[in-house]
Number of protein chains: 2
Amino acid sequence: MEMELWYTEKQTLDHGITTKIRRTLHHEKTEFQTLDVIETVQFGNMLVLDGMVMTTDVDEFVYHEMITHVAMNTHPNPEHVLVVGGGDGGAIREILKYPSVKTATLAEIDGKVIEASKTYFPKIAGALDDPRVKIEVVDGIKHVEENKGKYDVILVDSTEPVGPAVGLFQKPFYQSIFEALKEDGIMVAQTESPWFNRDLIRRVFKDISSLFPITRLYTASIPTYPSGLWSFTIGSKKYDPMEVDETRFHQVDTRYYHPRMHKALFQLPVFVQELITVERK
Amino acid sequence: MEMELWYTEKQTLDHGITTKIRRTLHHEKTEFQTLDVIETVQFGNMLVLDGMVMTTDVDEFVYHEMITHVAMNTHPNPEHVLVVGGGDGGAIREILKYPSVKTATLAEIDGKVIEASKTYFPKIAGALDDPRVKIEVVDGIKHVEENKGKYDVILVDSTEPVGPAVGLFQKPFYQSIFEALKEDGIMVAQTESPWFNRDLIRRVFKDISSLFPITRLYTASIPTYPSGLWSFTIGSKKYDPMEVDETRFHQVDTRYYHPRMHKALFQLPVFVQELITVERK
């Protein structure tokens, strides 16, 4: 009998996942967080930051497609796009599928995440070498404050709202994003699980609603994330993803998102819709 | 420090969930399977058959609404409805929300599941006392074989395709269901996870397609089920759930399903759609 190794993540105080691993490929304490790469049997290589799964070979396509394409297909001509966080490069890879894109900027606070992703996740991070990509190892908050009116689309591809990412779930950051966007810009933030993070979703949706005229939420199935259901919140200055003309959608090569799904995404389960239904006075 | 108890379920050979429990409320070996009820911290009471989560207080509404309402709202006048399996009574509870229903028959092979559900899941099983409900403790295969042309809607609310439920995933059973339905009848079967059970989904969809003129698949988010994403397969003799007139939908009191979601459900992720896209000759 060979020894079995299992990685167990407590996703809440009382619930988690456990997954069989072959070996640990990488472990380090960076300036900002603990960074592990493990080789799992079910999901291939898995990136773990501060004990939380960030991405895996097998299901990464869902998160990276879904944080990207809804906004990119809502904006009619995204040329300059920013990813805050997202050091694995997956969102950048999806952004580059649009011929309109002239620059895709990555503002990642932890350069070690970029390095580890290039080594252990070449299919995710490979696009970081594209000449349209600008990599800035910098606090995303600082970057958006210093780049007013510059971007068409901003994606907030953060870790969980603990440690280095706390500020990425706060209203002052969304205010800075609003200012970093052009007058018809659009933002998307990953906003955790509708099952386990209801208060956070309510608060973020309210904060973004107070800044942007159009605010929308949608979800996607990500098996290695808490509860398996993940939410994304859109703030848009001009274009409504529910009203966009589908005939001009760019046909992207994808495994989860497709243009006919775009508007269907906003028909949320009742218990999710209730989180974001603001009482009218 | 108090001792911590955790229930861990290997949902595949290499992956599972782990959840903190307060205590075991019930354990027995029935004629057909092992039956456990545990009190968890995150999901309330949890019913476990042969070591697999069947339902929990917190997320049961998703499964029970989603196995029921898509078919019930597609059929214009469901009067006689059968649930095969489903001894917890949750699907029956949802069926009874339609005023058109005259009889809701439960064909559950294991009477002990019904008893345990009445004791430990009163909100799920409570509707089993309704006068429209007929409970038959019987093999569902036998029941459908002996009731030809009787039902408007049949829901296959089975356990996983091991042990007593193996026959409920086989083509001869779907043939019997076809015959047990009226000439405009419609069936739905729970068909496992699109992440972990792809071969099963492909095979069942093909089998049901070979019998019913209209076959559709949709999914729902169920955090305590493997991968958190669950599929349901429809076989329909006459009514297409994608073409149904939404203005005649019955407005049911629900927490997940709602009528505006009905057609959006069929805009599946690309990787799920690919499972059921039959190659044309």
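Backbone N, Cα and C atoms are what each Cβ position is placed from, and that goes for glycine too.
Pulled from TrEMBL:
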ACT_SITE  B:Asp157  active site, proton acceptor
BINDING   B:Gln33, B:Glu108, B:Asp139, B:Gly140, B:Pro164  S-methyl-5'-thioadenosine binding site
BINDING   B:His64, B:Asp88, B:Asp157, B:Ser158, B:Thr159, B:Glu160  spermidine binding site
DOMAIN    B:4-237  domain 'PABS'
Could you tell me which of these recorded positions, B:Asp88, B:Glu108, B:Asp139, B:Asp157, B:Glu160, has the fewest other Cβ atoms within 10 Å of its Cβ?
B:Asp139
Which chain-mates of B:Gln33 (S-methyl-5'-thioadenosine binding site) that are at least 6 residues away have a CB under 8 A from its CB, listed by sequence?
B:Leu49, B:Asp50, B:Asp110, B:Thr159, B:Gly163, B:Pro164
Using a 10 Å radius on the Cβ of B:Gly140 (S-methyl-5'-thioadenosine binding site), the other Cβ atoms enclosed count 28
Give me the largest Cα to Cα distance among B:His64, B:Asp88, B:Asp157, B:Ser158, B:Thr159, B:Glu160, the residues the record lists as binding spermidine, in Å as a whole number.
16
B:Ser158 (spermidine binding site) to B:Asp139 (S-methyl-5'-thioadenosine binding site), Cα to Cα, whole Å, comes out at 11
Name them in sequence order: residues not among B:Gln33, B:Glu108, B:Asp139, B:Gly140, B:Pro164 whose Cβ is within 8 Å of the mean position of the Cβ atoms defining the S-methyl-5'-thioadenosine site.
B:Phe32, B:Gly85, B:Ile109, B:Asp110, B:Thr159, B:Ala165
Please report the Cα separation of B:Asp157 (active site, proton acceptor) and B:His64 (spermidine binding site) in Å, rounded to an integer.
9
Maximum Cα-Cα separation in Å among residues B:Gln33, B:Glu108, B:Asp139, B:Gly140, B:Pro164, which the record lists as binding S-methyl-5'-thioadenosine:
16
A 10 Å Cβ contact count, applied to the binding-site residues B:His64, B:Thr159, B:Pro164: which residue has the minimum?
B:Pro164
